[in-house]
Structures are given as structure tokens and as C-alpha cells.
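Over in Swiss-Prot, the protein carries these features:
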| type | residues | note |
| --- | --- | --- |
| BINDING | Gln229, Lys230 | Ca(2+) 2 binding site |
| BINDING | Glu292, Asp299, Glu323 | Ca(2+) 4 binding site |
| BINDING | Asp585, Asp587, Ser589, Lys591, Glu596 | Ca(2+) 6 binding site |
| BINDING | Asp658, Asn661 | Ca(2+) 1 binding site |
| DOMAIN | 45-344 | domain 'Calpain catalytic' |
| DOMAIN | 572-605 | domain 'EF-hand 1' |
| DOMAIN | 602-637 | domain 'EF-hand 2' |
| DOMAIN | 667-700 | domain 'EF-hand 3' |
| REGION | 345-514 | region 'Domain III' |
Amino acid sequence: MAGIAAKLAKDREAAEGLGSHDRAIKYLNQDYEALRNECLEAGTLFQDPSFPAIPSALGFKELGPYSSKTRGIEWKRPTEICADPQFIIGGATRTDICQGALGDCWLLAAIASLTLNEEILARVVPLNQSFQENYAGIFHFQFWQYGEWVEVVVDDRLPTKDGELLFVHSAEGSEFWSALLEKAYAKINGCYEALSGGATTEGFEDFTGGIAEWYELKKPPPNLFKIIQKALQKGSLLGCSIDITSAADSEAITFQKLVKGHAYSVTGAEEVESNGSLQKLIRIRNPWGEVEWTGRWNDNCPSWNTIDPEERERLTRRHEDGEFWMSFSDFLRHYSRLEICNLTPDTLTSDTYKKWKLTKMDGNWRRGSTAGGCRNYPNTFWMNPQYLIKLEEEDEDEEDGESGCTFLVGLIQKHRRRQRKMGEDMHTIGFGIYEVPEELSGQTNIHLSKNFFLTNRARERSDTFINLREVLNRFKLPPGEYILVPSTFEPNKDGDFCIRVFSEKKADYQAVDDEIEANLEEFDISEDDIDDGFRRLFAQLAGEDAEISAFELQTILRRVLAKRQDIKSDGFSIETCKIMVDMLDSDGSGKLGLKEFYILWTKIQKYQKIYREIDVDRSGTMNSYEMRKALEEAGFKMPCQLHQVIVARFADDQLIIDFDNFVRCLVRLETLFKIFKQLDPENTGTIELDLISWLCFSVL
């Protein structure tokens, strides 16, 4: 219940703008300005109680408290490490980022790319921080986390060994913005060791809020040049690199003056007419040095004399140091990898860019209810969350004669790095996209069933199921309606996720789920309608007061169930019996009369029939995945969120729902629906309750 309330509160705050870059969420409710002012007034330096300078902040295994790698480590402030520490000197450069004893080169490569764009860097690293003016030992940074911007506060105590920084550091040793940024990122992920191993695209996304895709240039898609052109038009960040095969290869220079292991940026893509044929050219920037390409289409290459002079002047006019052109074919031959970080519309302040249309949807997989696994598990796959994608407008320009709607889908699993210290790691995740059949077009209130997925193949799917934070793919499909199904590879894996869809044109996206519905059987009978046989049975069971209490009901039902071989049960708990009596006790006596007991008896017989029919494996019990079908048979339709709550409340640790809990669930639901209907006679879908009424209904 607390989790549901927290989600509702968070959704309301997000609707009011909390989590945007201008209104970043304060991580762990720590307010940078308030904490700094407190320290300045008290004349003390900040010590972060939420990420203290202790061994557990370093790691849990390789960097754990008893690891040899962490012996002799001292936490020191920059003022204790060098005589004149600086936060940032003359802007951020690559030399500010040198790797230490942590396997987070993926993160450092993303930080290096961040330094190429001052506007985006300033969003992540507020530059008005220093070790001189208003210094209080506290610094702050902003990261994108699963759809919202978060402000993270850290103190400036950094791990050192033999007087040197243990992790990231600047080349000259007196600049500390990168070390403090790494510490803030370690804090939000649980510890430094949680940063070991990852993809540069992950860092790209957390620094920009964009959606990052990458391409192996040895196997490029046929339309890659067009993808690059469109990405540049949209203001995306593009980086490329040449793989290294050994540590000795790092910074090695090829015979045509390209540097291996270097982060280059792609800044242009043009087609020019040369000697009667079209040539595709790529402009590359080497931000770190004077080394420039000496192959075809370099600055002094005769090939420039083969194109129109005005075109040559436009393309060769220098804008940035270290920029050079090369043919697209040489680009594919010499470089290994291209990364594109597609930025969100709010990141781009200029109106010159063609901006993506962005939609984000949050969801979760819950063991026993909505964690159905992949298509290899047909009995449960359909239980996964489902999302409708409605593509309406085709792209403005066709690629290679192919029309359609271009969109990117990124599925991110949340908070998995933070859970590494608890022994958890990344799930293996992926997704499928299914075409909606004509008969279901326009409907968003139907969760597609098991039979649909048994008879329909995926129109598209993620390239692979993989244990990375994000699975991302680019698609092009005709206008129409499609269902996106995200899943873990195996069923029963708990996890939270967010899905982001970047589309060329405006498209409609929303969760597909069953609407809440209760078709309850009404009993319009009088005592005169009850046959004599049942009257005699009731008189025998009820005793002298001619009424049945919850305790008497428990005894009666235990005897009945003991005779059933097809339902495993130890009888009903007194709690279930009290709920049944409350549901039908119309006169408030706390007991059931003849008519009330007759209605209950009829309901229990119906419940037994449903339970038996749903139990297809004849185990005498029901598993949590069968519960959804059972609820439908009983007249209830529920969205995924309610199924998660029901399984969490009524299933045991083996995901079994026994007959007692099955009946308790149905009776509880029926009672709640009847209360709501009584308080909402106009069927508005909302009711108002004061605190005492809310509490009375909640403790039913």
C-alpha cells in the first residue's frame, strides 16, 4: 500500500513539472543551497551522512571493506591533496579525465564526449562552484535518471592511496570537477564499484537525457549515411572511435594519422558531385590534438579541385580546430564504432534543429502477475505489460524509396546498478512489436490474451535479449497500430522499467490494459423461494438463534471442504469467514440469517466450480498466473496494477493461491465494488471520503 501511495504522489509531482531540468528532484531530499549555507554559517565543512567516507562507499566485493585493493586508503579533501585546488580551469578538456583503479572507462568516455558541448556540460556540472569563494566542502551535479533530472549533493572527501587520487583524476592533479562528478555518480548508483563495467551510451543518456544508439561500422545498416544526416539535423551528439586490441594500442597513431581509442565527434555529412558522380563525405573533429587525417579528402587533397568551387569554399571554411573531411567509405573502413545520442526537445534551445517527438512510459514486472518472460514461455508471456503505438504520419522524406514512420524504442531497466551490492545485477531484457488486428483497432482497454500471441508473430523485435541497462532499436513501419511488449528473458523476475519512444512525426503511445469492471450476480430472492431441504439444513446448522456467526461458519465450511478431494484446503480462516459475513450481513447483526446464508452458499459453490475449472493441472491449487483468468470467470476485469496487488496480497511465496485466499479475494473485491457503487450512484468513477470513513472501509 505504501508503494502505491508513493507512486501516486510521484505522478502528481511529475505532472506539476518536478523532475524537469529546471526543477530537478533533490536526491535523498538534500538541498545544496541550504546545506552549504548551514556549513558557511557554522564555519564547518560538509560531511555527507548519506554517502559517508567509509569502506562501504567504495564497494562490496573487489573494492569491499576486506579487499586488499582497499587497504591503506585515506579519504582526503582536495585542500589536503594539493596547495591550490581548482574546480575547473579554462573549461573542461580531455586531460581532466584520467582513469584510475576503477573499470569505468565507459563512463569516462561519456564524460570526455560531454566536454565537447559546453551547453550540455553546464547542465550536468554547474560551473559556479569553487574551492575559494563560499567554499564549504560541498558540491552538486545533475543527472538524468529514468525520465527525470536528479540533483546529487556530495562532500569533497575523495579516496586516495599514497597521497594520490584512487579513481578518476586530472593530468596535472589540481583540477577536481571530474573526480567529484564520478563520486556523485557513484553515490546515485550505490558505491564506486557499482560503476565497474558498462556502455558509453549509458553515460551519454544520464548526462543528456537523450536516447543513445550505436552501430558497428564493420556491419553498417544500408541507410547509415542518411541516419547520420538526420541525426545532425536534430542536433544529436555523434561520436566515433577506433577499437584498440591492447593497452599498448591506446593513443597509437595510424599511418594516416588517426588515433586509436580516441573519442572523435562527427560534425557533418554531405553529398557532393565529383567527376560526375556523387561522393558521400563525413566531417570529423579531433578535439584533443593537432593530429589530422592525411587520406582522401583531407585539407590538401586534390579531390577538392573536382567539385564546384562554391561548394568547396562552403565545406572547407574552418569552423573548429581539428576538423577534417573524409569519404564515407574511408570512415567505415577506418573507424570501428559510431554512437549517436539523440537529444530530447527540451535539451535543444536552438530553433534550427528538427526535433524528435518524445514519449516516455513507466512500468514494472512483478513476480507472479506481470513478469511473464519472453515468447519461449507462451503460458505467461501475455501477462507482461502491453503498450499501444499508433503511427499516423509517414516521414517527410523516403530512404532508398522506402516510405514509413521512423521511430526509436529504448527499454531501460531501472536501478539495477544500485542493487549490485545486494547480489542483484542486470536482467536479460528485450521487447517485441505486434501488429494490431483490424477487429481490435481503436481499442485500448483490452489486454491481449494468450491466444493472440500463440497465433501472431512479432512484426519487429529488439535485436537481442541482453543483460545491459538498455535495449534500443530503430524501426521503420507503415502507419497503423502496434502493440509493444517489454519482457525479461525468464519469467518471475521483479524489476522496474521505462520505455522511451523517439519518433520523426507525432505519434500516440499509451498503456493497453483491461478496464476495471465487475459483473456481479444479483440475487433477488425471498425466504419463501428457498426449498425445504435447505431450510432444514440451515436449522440444523444455525441452532437456537436461527443465525450463523463467523465462528460457526468456519466450522461448517471446514467440514464441507474436508470432503472435497479436488481442492486442497485446510478450511477457511476466521478472517475469511468474518469478511464473508460482513459482505452479506444487511441488518448489522454480525450473523447470517436464512436468506443471507443461502446467497453465500450459492456463491461458494460458484467459487468452487471456477477454482476447479481453472486448475487445469489438477493440482488442487491455483498458481498466481491462473488467477487472472479465474477473476474474469468470477466477473471481474482488472488492470495489471491491480493484479500485482492481488498476487502480492493473496499468493504465498511459491505463488500458490489456496482456496481460502481465493474466496477471500473475491469477497473482498465484491464488497469494495458494492461500497463504491453505493457511494457513486451517478457512475462518475470518483467518490469523496472523510478520514474516518476512509479508515472504516480500509480496515474491512
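Including glycine, each Cβ sits where the backbone N, Cα and C put it.
Within 8 Å of the centroid defined by the CB atoms of Asp585, Asp587, Ser589, Lys591, Glu596, the record's Ca(2+) 6 site, lie the Cβ atoms of Glu547, Val581, Leu584, Ser586, Gly588, Gly590, Leu592, Gly593, excluding the listed residues themselves.
With a cut-off of 8 Å between Cβ atoms, the residues of this chain six or more beyond the domain 'EF-hand 3' (667-700) that come close are 518, 520, 576, 579-580, 582-583, 631, 636.
Averaged across the domain 'EF-hand 1' (572-605), pLDDT for the predicted model comes to 87. Cα spacing between Ser589 (Ca(2+) 6 binding site) and Asn661 (Ca(2+) 1 binding site): 25 Å, rounded to the nearest whole number. Same-chain residues at least 6 positions away in sequence with a Cβ under 8 Å from that of Lys230 (Ca(2+) 2 binding site) are, in sequence order, Lys354. Of all the binding-site residues in the record (Gln229, Glu292, Asp299, Glu323, Asn661), the one with the smallest CA separation from Glu596 (Ca(2+) 6 binding site) is Asn661. Looking at Glu323 (Ca(2+) 4 binding site) and Gln229 (Ca(2+) 2 binding site), their Cα atoms lie 17 Å from each other. DSSP labels the residues of the domain 'EF-hand 1' (572-605) in these numbers: 23 helix, 1 strand, 10 coil. Of the recorded residues, Asp658 (Ca(2+) 1 binding site) and Glu292 (Ca(2+) 4 binding site) place their C-alpha atoms 72 Å from one another. Residue pair Asn661 (Ca(2+) 1 binding site) / Lys591 (Ca(2+) 6 binding site) shows a Cα separation of 21 Å. Separating the Cα atoms of Glu292 (Ca(2+) 4 binding site) and Lys591 (Ca(2+) 6 binding site) is a whole-number distance of 90 Å.
Non-local contacts of Asp585 (Ca(2+) 6 binding site) by the CB criterion (under 8 A, 6+ apart in sequence, same chain) comprise Lys591, Leu592, Glu596.
Around Gln229 (Ca(2+) 2 binding site), the same-chain residues six or more apart in sequence whose CB sits under 8 Å from its CB are Ala269, listed in sequence order.
Same-chain residues at least 6 positions away in sequence with a Cβ under 8 Å from that of Asp299 (Ca(2+) 4 binding site) are, in sequence order, Glu292, Thr316, Phe324.
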